[in-house]
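If you look up Swiss-Prot, you'll see 1-31 marked as signal peptide, on the strength of experimental evidence. Residues or ranges marked as domain 'GOLD' in Swiss-Prot (evidence: sequence analysis): 41-193. The region 'Required for TMED10 and TMED2 cis-Golgi network localization' feature in Swiss-Prot is assigned to 147-178. The dimethylated arginine annotation in Swiss-Prot covers Arg171, Arg176. For Asn179, the entry in Swiss-Prot reads N-linked glycosylation site. Taken from Swiss-Prot, the feature transmembrane segment applies to 186-206. Swiss-Prot lists 204-219 with the feature region 'Interaction with COPG1'. Annotation comment: Swiss-Prot describes 207-219 as region 'Interaction with ARF1 and IL1B'. What Swiss-Prot lists as topological domain 'Cytoplasmic' is 207-219.
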Amino acid sequence: MSGLSGPPARRGPFPLALLLLFLLGPRLVLAISFHLPINSRKCLREEIHKDLLVTGAYEISDQSGGAGGLRSHLKITDSAGHILYSKEDATKGKFAFTTEDYDMFEVCFESKGTGRIPDQLVILDMKHGVEAKNYEEIAKVEKLKPLEVELRRLEDLSESIVNDFAYMKKREEEMRDTNESTNTRVLYFSIFSMFCLIGLATWQVFYLRRFFKAKKLIE
């Protein structure tokens, strides 16, 4: 029995529309929250590309009611220990800086006090790159229409993706060069070891031959 046949089904524009909606729509950024016990230190680390704007907002709740001299300290550093942002008695605020190189950045919260004090609740919302740009402010300054703002956002996002791929390609080339260099060194070391073993074996043969001749065990 032959089944009914008809024209092949055509895919609608839903996937493309969904992709455009994801790219053009506001990006969802979730804040990080954690509890900070008294006299403790917690740090968050993140790798960020060079020449990127990094912004953040933080809030540290104080449930001690001012008891125990509770103080909180926020410090942001790079891998070399350079301080990019520091705030004593931090409770709530914002920070911003621009990265000079691809690096590992560390955001540290430290709590100091005395007595039995409840843990502090720390909320951190950190953005970088396209997420950190204030497109509403850009639209006001440059007098852009809503569609132009979304196109600007898409352009920046596309540029960010291209830069990410370029960096990944560069890292892949560096890793390949490192592997080739390591393989070459291993090959040279293996050849050197082989010659050393051959030389040692030859020396042992001549040494044993002279020893046995001295003992008159062989002619």
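Glycine is no exception: its Cβ is also placed from the backbone N, Cα and C atoms.
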Integer mean pLDDT for the topological domain 'Cytoplasmic' (207-219): 79
Helix-strand-coil residue split for the region 'Interaction with COPG1' (204-219), DSSP-based: 11 helix, 0 strand, 5 coil
Those residues of the chain, 6+ apart, with a Cβ under 8 Å from that of Arg176 (dimethylated arginine): none
Integer Å distance between the CA atoms belonging to Arg171 (dimethylated arginine) and Asn179 (N-linked glycosylation site): 12
Three-state secondary structure, Arg171 (dimethylated arginine) (per DSSP): helix
Other CB atoms within 10 A, centred on Arg171 (dimethylated arginine): 11
